[in-house]
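Single-structure report; data block below.
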Amino acid sequence: MAIRSLLLPLALLALAASSAAVANLEIGFYSKTCPDAEKIVREEMAKIIAAAPSLAGPLLRLHFHDCFVRVHDLHVLVFLLLLIIKCMLTCLHATQIKLQGCDASVLLESTDGNVPEKDAKPNKSLRGFGSVERVKAKLEAACPGIVSCADVLTLMSRDAVVLAKGPFWPVALGRRDGRVSSATEASNELPPASGDVPLLAKIFASKGLDLKDLVVLSGAHTLGAAHCPSFADRLYNTTSENGTSGLVDPSLDSEYADKLRLKCKSVDDRTMLSEMDPGSFKTFDTSYYRHVAKRRGLFRSDAALLFDATTKDYVQRIATGTFDGDFFRDFSESMIKMGDVGVLTGAEGEIRKKCHVLN
């Protein structure tokens, strides 16, 4: 057991280093320019979570919503057909287009002529922006213009999990802040809470994440609470704006549904919150999977995990409560992968002085 406990952090360090190399990130990136960066973030996060333990989930969600809004690095293939005398030459030209991923674009405020990610419908309930600015201000005071908001958010999400009694993982740094933020892209690319596994798997695959990452990162729902509109369509017969009808979700445990109706009086109730992991929503643990296994996952996307053989097997395995260490390791690995999605590095983007506005 002692050997295994020693090997786990070493394995995560190796994974972080190898994944970072692909993304041009680096463990200890600020060791010379801002050597206390991670310490500053950690200490400020300890104060933030001590004062408001329920912020752990929202800060983790902020990072997730930031990383998932991007378009792939695309290689656009342009075929140029040139007729030279009697021959035809086909020239293949590849142009790399670098667009956003984990680049703190979710933190940007609206400007004239631009509606940013944070104003997209799926992001209306995001919280924790003030905490990010608070940590960034501490870093600016110590190391002006050095640490990006993208790195700040990545570190804060890791520390939020640790402070909620979850796992620690090494974070490779060197991300730059993006200059583009689009509400339309956020609406189109974020995984919907109503999604089934085929749809969610397709979205995850477009970010370089696989089916295991999907079921593992769903475990983040062990932290936080959600407003009624994100799940109340499972509780009532409804008719949407486009005229389609929805029925009470039979995959939801009936007793749990009755309890939820006591809080959410209608699908339009935007005032009440329900814990995503009832009884444990401030603690990072595996009880989320036990709820899902009992058909008590809050979202349709949670319930959907039981309708795919691979994700169902993982849910039921972790729900036994005997593989908590495996889930912690898996979650750490998936977070390392997600944190490298579509990052800007080198001379790309900028280092914002304040996270909510461009320099």
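Cβ coordinates come from backbone N, Cα and C, glycine included.
Positions annotated as signal peptide by TrEMBL: 1-21.
Marked as domain 'Plant heme peroxidase family profile' by TrEMBL: 24-359.
Marked as disulfide bond by TrEMBL: C34-C143 (among others). Spatially close to C143 (disulfide bond) yet at least six residues away along the chain are Y30, T33, C34, A37, judged by Cβ distances under 8 angstroms.
All chains included, 21 other C-beta atoms sit within 10 angstroms of the C-beta of H65 (active site, proton acceptor). Taken from TrEMBL, the feature active site, proton acceptor covers H65.
Its Cβ placed at the centre, C67 (disulfide bond) has 28 other Cβ atoms within 10 Å. Look at TrEMBL and you will find C67-C102 (among others) tagged as disulfide bond.
Marked as disulfide bond by TrEMBL: C149-C355 (among others). Around the Cβ of C355 (disulfide bond), the number of neighbouring Cβ atoms within 10 Å comes to 22.
The substrate binding site annotation in TrEMBL covers P191.
For H221 (heme b binding site), the same-chain residues lying six or more positions away in sequence with a CB closer than 8 A to its CB are M276, D277, Y288, G297, L298, F299, D302. Annotation source TrEMBL lists heme b binding site at H221.
Feature annotation from TrEMBL assigns Ca(2+) 2 binding site to T222, D277, D285.
Annotation comment: TrEMBL describes C228-C264 (among others) as disulfide bond.
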When the Cα-Cα distance from T222 (Ca(2+) 2 binding site) is computed for each of the recorded positions H65, C102, C149, which gives the smallest value?
-> H65
So what pLDDT does the domain 'Plant heme peroxidase family profile' (24-359) average out to?
-> 89
CB neighbours of D277 (Ca(2+) 2 binding site) within 10 A?
-> 28
